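TrEMBL has this to say about the protein:
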- 753-777: transmembrane segment (TRANSMEM)
- 817-1090: domain 'Protein kinase' (DOMAIN)
- Ser827, Lys851, Glu898, Leu899, Met900, Thr901, Arg902, Gly903, Asp904, Arg955, Asn956, Asp969: ATP binding site (BINDING)
- Asp951: active site, proton donor/acceptor (ACT_SITE)
- 1121-1195: region 'Disordered' (REGION)
- 1149-1158: compositional bias 'Polar residues' (COMPBIAS)
- 1173-1183: compositional bias 'Low complexity' (COMPBIAS)
- 1212-1231: region 'Disordered' (REGION)
Amino acid sequence: MGTGGWGSSAFYSPLGMTLLAQRQLLGGPPQWATQTQQSPVVCPENCKLSCTDREECCHSQCLGSCTEPNNDTACSGCLHYYHEGHCVPDCPPDTYKFEGWRCISMDFCSQVHLTGDPHFVIHGGECTPDCPSGFTRNETNRMLCNACNGPCDKPCTSPVIDSVDAAQSLKDCTVIEGNLDINIRRGNNIASELESFMGLIQTVTGYVKIRHSHALGSLSFLKSLRLINGQELIDNMYAFSAINNQHLQYLWDWNQHNLTIQNGRLFFRRNPKLCMSEIHKMWEKTGIAVKPEEGDFRNNGERASCESYILKFKSNITASHNITLTWERYRPPEYDLISFIVYYKESPFQNITEFDGQDGCGLNSWHMVDVDFPQESDVYPKVSLPNLKPWTQYAIFVKAITLQVEDKHVTGAKSDIIYIRTRPSLPSMPKEPRAFANSSTRLMVKWSPPAFPNGNLTFYLVRWQQQPEDRELYQHNYCSKELKVPIRIPATGNIDMDDSTKPTKSDLAGVEKGPCCACQKTPEEKDREKDDRVFFKIFENFLHNAIFLPRPPDRRRRDIFGFANNTLMPDGYGRGNTTFGPGDNSTDGIPPIREYPFSEEKSAAESLDIPTLRPFTVYRIDIHACNEEVGRCSAGAFVFARTKPADDIPGKVIYERSDKIEGCVVLRWPEPLMPNGLILMYEIKFRPGTEPEKHECVSRQQYRENRGARLTNLGSGNYSAQVRATSLAGNGSWTESVFFYVPPPKRDDGVTFYLVIIIPIIVTLFIACLTTILFFVNKKRNSDRLGNGVLYASVNPEYFSAEMYVPDEWEVAREKITMLKELGQGSFGMVYEGLAKGVVKDDPETRVAIKTVNETASMRERIEFLNEASVMKEFNCHHVVRLLGVVSQGQPTLVIMELMTRGDLKSHLRSLRKENSTTQVLPPLKKMTQMAGEIADGMSYLNANKFVHRDLAARNCMVGEDYTVKIGDFGMTRDIYETDYYRKGGKGLLPVRWMSPESLKDGVFTTMADVWSFGVVLWEIATLAEQPYQGMSNEQVLRFVMEGELLDKPDKCPDMLFELMRMCWQYNPKMRPSFLEIINSIKQDLEPPFREMSFFFSEENKPPDTEELDMAVENMENIPLDPASTRQPCAAAAPSSGGTGGTPPPSTQQLSPMQGPSTPLLGAVSPSPPGPGASALASPGQALDKHSGHVSANGPVVVLRPNFDELQPYAHMNGGRKNERALPLPQSSAC
């Protein structure tokens, strides 16, 4: 169809033509009319959504479908422009774009017009209804446009402006042909509204009359008015008239405004707030030659402070968010000063006036602050302007408010307008961070500037960190048919694409346009949606762990950029491989949790190309905006992106033929050094000769066990095999083929057959005999050692060890010790604070705690005092109070300890209580978590050194000067807090309120019993050292705990802390976490020095071997799991095969808390030699100690001598469980 087919009477919408109209214009039916009776066509990807019904690609200029492939005349619609039956990318010469889709000639454009409007014009190669802004129609040829010299004139005829609606008719007008009559009595936001509609008026050919406009405060809204011709005058005399404007105070800023009146005079009457000085300024500036007559300026300025004193500012102090100003004292001699008013507002330019943004209806764009006149004679008036924006210029002036005196003109004072810019501050975070992968080792990152720079941005700090893959991926066997390989995609695409150019969902689907129905989803689309849902679920979990969980101490937000550029190379480039390859020692294939370091780089531009990254790896990228003048950076805007995959073809495959197993070949290959994220499985393709190929799947776990794969049941013949790896990026490439030969099976003779049967029988019989002999020999030896087979340990008050204390390298000369003051009474004697010389390396004089023995103490008590302190010689842990020396020569005997200036934890917690308050404020959760971590670290150290504390409580924990909590005073504080102990049945003092059920019932003390006590210590921390089980007697506490009851949750106790208590109070000791597991669950919330000083992060903390773990589990088999078992009376003794019946003598006790007050609860307790009648009678449920072979009557026996390395306490019980469900530890949350 040509260009002349359109008549001159046609109407054209300026909005353009729809695709339906194009289709009809091109001579075809609508697109959907041809497809209502057939299934929708899905175009190939290379066709760019434009193809025929036979899925053939259309011409590149076609939009939608077409009738012939690669033909620009067979398009259903044009992508760009339509011209003479062809779809073209641009209009040819001598043609013009019309309606945004078609090319027409000038003749055709001259025939097009809108109803009631002139013809269209030609401009910029287009046929448009009118000239654009800045252009006007040519006088001779009305179809052409000429550029205006400055703003184009737009003449208008003005009605009477009595409202804002009437002023809208003057929008964009520059010349008023006639008179301008303004009579506005009320309205909202008058000044700004009038300026938006009348601000371009430059010339008025007649006169200007402003009357009864009480809403006007100034005439600054006529900011462009430069000429009043006066062709028509008021009363044939006046070109400008202002009558009865009650709030008119200001005309124009005559320093920046010029106005010429060519004919006529000025007339001002009854403007009470307009000063005569303003009227005279206008008369001078407008160039009127005729002097005003007496009646021209009457009754003006009666209510205005026209004679104003200029106030001078004295000082200003500027900050980011406030400005403090002082000005001179002003008190008029004949008037009463009420106060000062400070006016301020944002002003990007220094051209503002006092009356800008004001009108008579009360609207004022200025912020105002009242300031009282100071009463002191030597104090200047002062104001602080708060809540200001950083790095913003403000206009400020001060006005004095005085009382009017009758019969006198009002005089006042005000300052000139000053301009002050606030200081810069932290910028807001950058906007719209985007990232995409442009290679396998590079990421391009772009962002937009922050919305509030708050100063001059000097650079951007970009930090990136490698993210670990989902740990769940390591655990699955993807060779299983039930699991689908999770494929990830890299971050690709053009990040500069504008959102407005993207097709909307409705446009793509065609659901909301026309009568089209939604297409049926293909199976591939359904699978893709299912994969997306799984991926989004994993991604949400990842975001929760990466963003909402608190940062570990070594990942605190960096807000000071005064540091060296610590750009780090990725681990794959010389700093270790993040994919755990052949050298990984993990037995289960799951690598340990790893925190990757941040790398960083500065960028002056709003983009950065990050190089040397790992292939197909997710990175978190943080962008900070930095202001060098402030010295700090903004919070980071972050984005996640994955690099593109790389070629990760495994190396050469080798094979090993098994001589022992026929038809078996082991294929081995190296693991890729730079995998695409994570190797999920391997696939082996092998072919026996010319037969069809077979496939074998090798899971990641199977490969890690064998470093290859075993092919079994192979027939004889020649084989070829290839291997490929499947990672998160999909399948890799096949390796080169390896060829091997499988020989035929060998013939078996009769001898081999009989050997295969006889040899296993002989070996089995030999092992059975050897086991029986060893069992009886071991049993006989143990019976000889302990008689009845039960190990007892006690302290005989009448027995005195012959082992005397021998001075060693810990001995300190008495003259090096100086006592300063008393600290308190200990269990053996007074404790002093003092000074010791030379006890700490590189420290000539150290403040220490000095423990002494009472003068009345016996020799036995002195030796016991030294032996008890000697236990601590083996301790070297930051969270265990250290022994510094011993003075054993002479009297009194002294023990030199590390000084803990804040005393024990119980006293410290009680010092935090508020007096006369019914509700107590707990320390922050992070502080309580820090205390718990330090106590657990000290206990884990004791556990690792085969010590069981048995009296862990807040009173036995000490607090240092820096509030570090340490394990201290092992059994030495019992006399101070004697009310915390209970004497059961004439035995020793027991801390029953801190003891576990198995300790109360059976006298069993293990590391798991210490874990129970640790839970009670947490309860003490959460209650500021209240007494556990308050209101109960000690006997009630015994029954309460043994029946399985627990302490209630303290008031205001965080859920995370109470959940940790409940884990420590599991009735079954095997279900309680170890101290190492407790630290691992809260390590994210511990302070950075903990990582440097703790035992948990030290090299000494090595995982226990499997044999010790199994040993601990077996030794716990006799612990009752049901609290009901504690209600049953102890089983009566029955005769055993290992000894004679009877009861133990009074001098021999079972290892339990039934000890004397002086017996330390931690350390070595040597069993007394059993008497002849000291044989215990074992019950059928007795446990056999794995180390000694002795049967214990009430559960496992724990010998607390640290020198016995062969005796392993239950330190790793939780980690060694088998066939037992391990309850998860509570995860910490932000305070």
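Here the Cβ of each residue, glycine as well, is placed from N, Cα and C on the backbone.
Taking Cα separation as the measure, Asp951 (active site, proton donor/acceptor) is nearest to Asp904 of the binding-site residues Glu898, Met900, Arg902, Asp904. Averaged across the domain 'Protein kinase' (817-1090), the predicted model reaches a pLDDT of 87. When the neighbouring Cβ atoms lying within 10 Å are counted for each of the recorded positions (Glu898, Asp904, Asp951), the highest count belongs to Asp951. Listed in sequence order, Ala849, Val881, Met958, Val959, Gly960, Lys966, Gly968 are the same-chain residues six or more apart from Met900 (ATP binding site) with CB atoms under 8 A from its CB.
Counting Cβ atoms from all protein chains shown, Asn956 (ATP binding site) has 29 others lying within 10 Å of its own Cβ. Taken residue by residue with DSSP, Asp951 (active site, proton donor/acceptor) is part of neither helix nor strand, so it is coil. In sequence order, His908, Met958, Val959, Gly960, Glu961, Tyr963 make up the list of same-chain residues 6 or more apart from Arg902 (ATP binding site) whose Cβ falls under 8 Å from its Cβ.
DSSP assigns Glu898 (ATP binding site) to a strand.
The secondary structure of Asp904 (ATP binding site), as reduced to three states from DSSP, is extended strand.
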